[in-house]
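Here the structure comes first, spelled out in structure tokens, and everything after it is commentary.
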Amino acid sequence: MADDKIASQKPPATGAFLVPTRAEDRLIVALDVASVAEAQRIVGAVGEGATTYKVGKQLFVAEGPRAVRDLVSSGRRVFLDLKFHDIPNTVAGAVKAAADLGVSMLTVHAAGGSKMLRAAAEAAAATKNQPMVLAVTVLTSMGQAELQETGVVGKPQEQVVRLASLARIGGCSGVVASPEEVAELRRILGSNLVIVTPGVRPAGAAKGDQKRVATPAEAIKAGANYLVVGRPITGAADMGKAARDIVGEIAGAV
């Protein structure tokens, strides 16, 4: 899709475009655990190193809304990463329910199409909390071979641009994309959309099941607004120091 067509689409319809001014606000710590007790342990260990935490499928299925409420009540911001993907009306209802829990950010699958994305964006905009709706493009665990298995021909970067276009048409606040695509998305989309980037690993850290990764500094310099980091922090002997080190790298790259 032509760059000018993407850039000409209407701006986001949901939550205010939030560009964090503090480095620690740009770090999202992934709580990929199965209990609120374990999540609380991580939050306590990270301390002031981060203000936002990702609640994904494992924790939410295990503990339900309590996992979100516990974080919100303690003054943390929540990035609810459940990747809603269903018919527009169902997704709109899920977005409203998430907003009522007090989440600041939530995800939907861009592959759901522009009508579903628009329904999600409008549902979020109609709530008091107005969370940011972020469209997931291509999972960081997927390479070209995995995309081809689903019938998508072409490179992951090409599919990311297509789906980012749908997100913009649908009025989303931003997108979730791997570090490899951030620079191109920022070039095409300008400063109008939030870019959240998983697959971030400090230099020397294991990649795990991520295929398209970068260091925190590389992702920020490429144009990412938020970085999602899990195991390099939650698996560290000193989680607070690990988080602070990444925040320091972010600050040095801004």
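Keep in mind that glycine also has a Cβ here, set from the backbone N, Cα and C atoms.
The shown structure was predicted, so the numbers you read here are calculated from the model rather than taken from an experiment.
Over in TrEMBL, the protein carries these features:
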- ASP81: active site, for OMPdecase activity (ACT_SITE)
- LYS83: active site, for OMPdecase activity (ACT_SITE)
- LYS83: active site, proton donor (ACT_SITE)
- ASP86: active site, for OMPdecase activity (ACT_SITE)
- ASP32, LYS54, 81-90, THR140, ARG201, GLN210, 230-231: substrate binding site (BINDING)
- 26-246: domain 'Orotidine 5'-phosphate decarboxylase' (DOMAIN)
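Features recorded in TrEMBL, as mapped to the structure shown.
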residue	record	contacts (Cβ under 8 Å, 6+ apart)
ASP32	substrate binding site	LYS54, GLY56, GLN58, LEU59, GLY230, ARG231, THR234
ASP81	active site, for OMPdecase activity	ALA30, LYS54, VAL55, GLY56, LYS57, LEU106, THR107
LEU82	substrate binding site	GLY56, LYS57, PHE60, ALA94, ALA98, LEU106, THR107
LYS83	active site, for OMPdecase activity	LYS57, THR107, VAL108, HIS109, VAL136
HIS85	substrate binding site	VAL91, VAL108, HIS109, ALA111, GLY112, MET116
ASP86	active site, for OMPdecase activity	ALA94, GLY112, MET116
PRO88	substrate binding site	LYS115, MET116, ARG118, ALA119, ALA120
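Secondary structure at LYS83 (active site, for OMPdecase activity), taken from DSSP and collapsed to helix, strand or coil, is strand.
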